[in-house]
Amino acid sequence: MKLKQRVVLLAILLVIFIFTKVFLIDNLDTSAANREDQRAFHRMMASLHVELDPRLDHTLQSPWEIAAQWVVPREVYPEETPELGAVMHAMTTKKIIKADVGYKGTQLKALLILEGGQKVVFKPKRYARDYVVEGEPYAGYDRHNAEVAAFHLDRILGFRRAPLVVGRFVNLRTEIKPVATEQLLGTFMTVGNNTCFYGKCYYCRETEPACADGDVMEGSVTLWLPDVWPLQKHRHPWGRTYREGKLARWEYDESYCDAVKKTSPYDSGPRLLDIIDTAIFDYLIGNADRHHYESFQDDEGASMLILLDNAKSFGNPALDERSILAPLYQCCIIRVSTWNRLNYLKNGVLKSALKTAMSHDPISPVLSDPHLDALDQRLLSILATVKQCTDQFGPDVVLVEDRMTLSHL
């Protein structure tokens, strides 16, 4: 064999060797990632049921300090939280030392300070579990039980981007009124034999108070994020106009995602994939009201999209608002880890997992069966949407590997 032929053959063999090595390494990495996703799923399933127990095993003796230490740029709480039950027990039992009107917003809420100085947001019960909210997908009052269910769905999906939420019964006469500010106290009234309040907010009306059953009111409490993590508000790129006859650009421009990808912070970093995770989360819970979202301040797109204010969810189990999924079907990308988790949850696993996760809550049952059934049906729609994307563009384009190391120093 001539020298030239030998060189050519050697070059071909070298290319084949490099290609084979890269291919094998890529496959091994993908396989290892998939195995880790499966292990993480099993760990989540094993820790679904959280007993509300006051005991703490942590060296810190304050549940509020423990929860504050959990928060990092990409998580509100870590994957393994042996003290979760103790923190949630404190949220539902600690003495209320101050009550005030809620922070700015459109819906009725109260800001409570619990013993130890921890802020929580209290959202009152407005509907019975089987009440169906008719009209637009964002219609009706906030649903306190939706906040509880959304938090546990966040756990199940492995996002860990929603603040802790738990149900709580409060006695308005003995627990709230004695420690209420004048501003909040001025909104209390009696309707029949029931104590009621209407608070201060954009849509709060004296004619539309939230009423307790006698003096005892059912609601949800959401743990306030630590003040050392100030929030920054962003307009959601797929937000609605909320004006009849006026469509947002994404509602008529099928190439809208291409434009989003050219603007900060969606042109680099994890934010666009967070938007798509959130679209999946919101579609499952039926939340079409995420017109804005929050991240941590001055993060340049690196921190997570925080799943705050999920109460406009679980209104109508018969309504599947496909437009919520627009970021997914217009961009046609999804995290591999999210895709794997969704597949692990099919065949009724999602409904069963959420039912188990919520069974410990003081206001259980949190959701009616039609809402639980709707979750499984909506999951199938999400999987079908991703399949359409992979059929059109191929899995290598659609399934994005984006795993970020999370620090809990």
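Every residue, even glycine, has its Cβ placed from backbone N, Cα and C.
Per TrEMBL, the features are:
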BINDING   Gln107, Lys123, Thr222, Leu223, Trp224, Leu225, Glu294, Asp309  ATP binding site
BINDING   Asp142, Asp309  Mn(2+) binding site
DOMAIN    188-397  domain 'FAM20 C-terminal'
ACT_SITE  Asp289  active site
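On the structure: features taken from TrEMBL.
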residue	record	CB count, 10 Å
Gln107	ATP binding site	18
Lys123	ATP binding site	26
Asp142	Mn(2+) binding site	26
Thr222	ATP binding site	25
Leu223	ATP binding site	25
Trp224	ATP binding site	20
Leu225	ATP binding site	20
Asp289	active site	24
Glu294	ATP binding site	18
Asp309	ATP binding site	25
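Confidence over the domain 'FAM20 C-terminal' (188-397), given as mean pLDDT on the 0 to 100 scale, stands at 95.
The two recorded residues Thr222 (ATP binding site) and Asp142 (Mn(2+) binding site) have their Cα atoms spaced 13 Å from each other. The distance from the Cα of Leu223 (ATP binding site) to the Cα of Asp142 (Mn(2+) binding site) comes to 17 Å.
In this structure the alpha carbons, written CA, of Trp224 (ATP binding site) and Asp142 (Mn(2+) binding site) are 18 Å apart.
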